[in-house]
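Q: Dropping a structure here in structure tokens format, bear with me for questions.
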């Protein structure tokens, strides 16, 4: 059971970008090669999974509450979004940093509150230095259950961090700041290209119309026109 739980813990660290985390590492050449292939295939699918989950959560956690206060109470949408982002960030820090740090400081004999908070930050920021690893004491009770709880904490904490980051990225002020780094298109050149394209299209249409008229004239039967004098002479005869 401990082998399966440790492998589950390693898989989460690999797929959630917590690099250099813990002491469970592949030792054989085959294990290292499999680890590379598994990470190359698994990380993109993990990104897709996290993106889909975050996009669904942010609708109920961020967009609908902001829209509700904006429509129901008439508050400014930008102000409501800023207050909501600050409150959501405070709740996330409390639930995934402060409270878990206090729990780790109690469960881990050699950790104080600062070291526990450091572990939470290093883990959820996906740095994963591996200098602090929970659940390594052999005298700990319910060690397997403890590792499963840490695995769930890392996964939920990473999703919460992504939701908070996406919430702040949707703020109007940050959108304006991001526009400073966008590549600006030259409108004059675009208009020139559009006008040249229109001129080419008009000229091609006129050329096609002229060629069609010429074809019609060429296909018409040739009729000789008779002068009125010749008609009068024929009548007199």
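Going from the start of the chain as shown, residues are counted 1 onward.
Quick reminder: no glycine exception, Cβ is built from N, Cα and C everywhere.
Predicted automatically and left uncurated, TrEMBL annotations should be read as such.
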Q: With TrEMBL as the source, identify the stretch among 79-104, 183-208 annotated transmembrane segment.
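A: Going through 79-104, 183-208 one by one, TrEMBL gives transmembrane segment for 79-104.
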Q: So if I exclude everything within five residues of the ends of the transmembrane segment (79-104), which remaining residues of that chain have a CB under 8 angstroms from its CBs? That is, six or more out.
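A: The answer is 61-62, 65-66, 69-70, 111, 113, 116-117, 119-121, 124, 134, 153, 156-157, 160-161, 163-164, 167-168, 170-173.
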